[in-house]
Amino acid sequence: VLQISKDDVTALQCKVVCLIQNGNFKEALGVINTHTKVLTSDIIAFEKAYCEYRLNRIENALKTIQSASQQTDKLKELYGQVLYRLERYDDCLAAYRDLIRNSQDEYEEERKTNLSAVVAAQSTWEKVMPEDLGLREATYELCYNSACALIGQGKLNEAMKKLQKAEELCRQSLSEDSDVTEEDIEAELAIIHGQMAYIMQLQGRTEDALQLYNQIIKLKPTDVGLLAVIANNIITINKDQNVFDSKKKVKLTNAEGVEHKLSKKQLQAIEFNKALLAMYTNQADQCRKLSASLQSQSPEHLLPVLIQAAQLCREKQHAKAVGLLQDFADQHPANAAEIKLTMAQLKIAQGSVTKACMILRSIEELQHKPGMVSALVTMYSHEEDIDSAIEVFTQAIQWYQQFQARTNYGCCVFQPKSPVHLSLIREAANFKLKHGRKKEAISDLEELWKQNPKDVHTLAQLISAYSLVDPEKAKVLSKHLPSSDTMSLKVDVDALENSHGATYVRKKAGKLTGDNQQKEQGQGDVKKKKKKKKGKLPKNYDPKVTPDPERWLPMRERSYYRGRKKGKKKDQVGKGTQGSTTAGSSELDASRTASSPPTSPRPGSAAAVSATSNVIPPRHQKPAGAPATKKKQQQKKKKGAKGGW
């Protein structure tokens, strides 16, 4: 038809629809753009917008829908999908409500499912409290979306029950179809199981979550978005451990088309984890590159600059890290508090506690919080700067006084102080008493007693402090103490004595009273002493001989120790190889007497000496032939080593 009439509108429309049905969205869009004169926006607006939507040109699709002269039901359906992809959830919710209200066909269940998905996204990403839409959760998709909304609210146990119900409904609906296999059912359940594992991870059941995540990955689902989320969650469980597994899982987050399947916050979280993994694997350049890219995308976000600072600290560049954080705090005052807390932590790690205190005191919105006051006082005490610690207490107490004066402005009635204010005064008084600042502590204690005159504990502390400074004042205040009768406690004495802790004391007291009775009766005036056992004496002990006063010292430390005596037998033993003879052995030979004729010396033996007085003792002689024998043995060993001994 088009060969006969190339501008035939009906034929062109049919061609575009056929191309869309075959999934050739780019070619279909090309046909529409080529014949813009014939295929006007009124005729083919839906097909053009749908092609742009499927090609992930979401902004263009929105413009095409808005430029259409007539908003048909098809365009409204597509408009809702486009708004969801653009994360304009409020507009999307309004669009679906309008569709459900003004249409009655067989697609009502799908519209309700999409509506519940929008509510779940609002709860998860925008932390909006979802309203009750009154949707009947008859399908597993509606149950799943309801569970996602509950996760966004932090109701994890309820969400898990919803997911279990969704799993049951999914199995029932799919098992009715005979063509669906068990593998198909497991593939459909993968997204439900993934959300279950996420709840387990949030609840701290990381082992169970990891096991379920790995089971889903083994199924090899076709949804790249699901795989990317699961891989990212496994990386967060691994943290700085099992880095090799994390590096493998990162590849799943880089799959083609992932950016079109996930929300902006999900993609951002994946990029943050990539940067952290690069830091843990000592890929400094990659870490800096990723964190810089993230900072350019979200300049006000804290995480990119914190990752950069952490990387600098790993490289021992603490001063540079602090400078980077300070620049960010100056540029973004709204996030300065968290950044300054990190800077203080770095200063403490460097040992600069005083500088850390200065940074903490510069955080105006946290300066007078009880936790901050406690931290500053502890740090100043560690540095033995008691004056600065007391100054922190004083400033915090004054701030609460001014705050109370502002809130109670115009009131003439006496206003009691807040519990936090009173707690700070008490802590300040205790701190001053501990460090010997009695006079300063007295004013704080008087303020506390004024607030609660019936507080006996505060009064006792006040009297104790005055007793060291002004004893007369302490006596006057002691009159306000309650009498002993009013302070008596109603205690069951029998129950107290029969308690487990009093058993040992009662037995011991009984023994002592028994001893006292014996003393009164005169049976034993002297305290019994334990008999000492007589020590055993040595067998050769002689009472007449005075024992050696140095007998308790080791033998080497005694004054008369002269070292070991050399044995006689050792002196007679010659050195050398086994069986060799020495020059001194001739003296022991009976055949070699003075009457026997001299014989010529044996080869290899020592030469004969003329007089017996000049004979060298055997101990100082070197055995004859010993060096030669050793050399021969060494040569034999070397030869034998080659043979494989």
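Cβ from N, Cα, C; glycine included.
As recorded in TrEMBL, the features of this protein are as follows:
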- 58-113: coiled coil (COILED)
- 527-537: compositional bias 'Basic residues' (COMPBIAS)
- 539-560: compositional bias 'Basic and acidic residues' (COMPBIAS)
- 591-608: compositional bias 'Low complexity' (COMPBIAS)
- 629-645: compositional bias 'Basic residues' (COMPBIAS)
- 506-645: region 'Disordered' (REGION)
- 190-223: repeat 'TPR' (REPEAT)
Query - Residues from the same chain, set at least six apart from the ends of the repeat 'TPR' (190-223), whose C-beta lies under 8 A from its own - result: 140, 144, 147-148, 151, 156, 159-160, 163-164, 166-167, 170, 183, 229-231, 233-234, 236-237, 252, 261
Query raised in the report: According to DSSP, how is the repeat 'TPR' (190-223) divided among helix, strand and coil residues?
Result: 27 helix, 0 strand, 7 coil
Requested in this report: Helix, strand, coil: count each for the residues of the compositional bias 'Basic and acidic residues' (539-560), based on DSSP.
Outcome: 3 helix, 0 strand, 19 coil
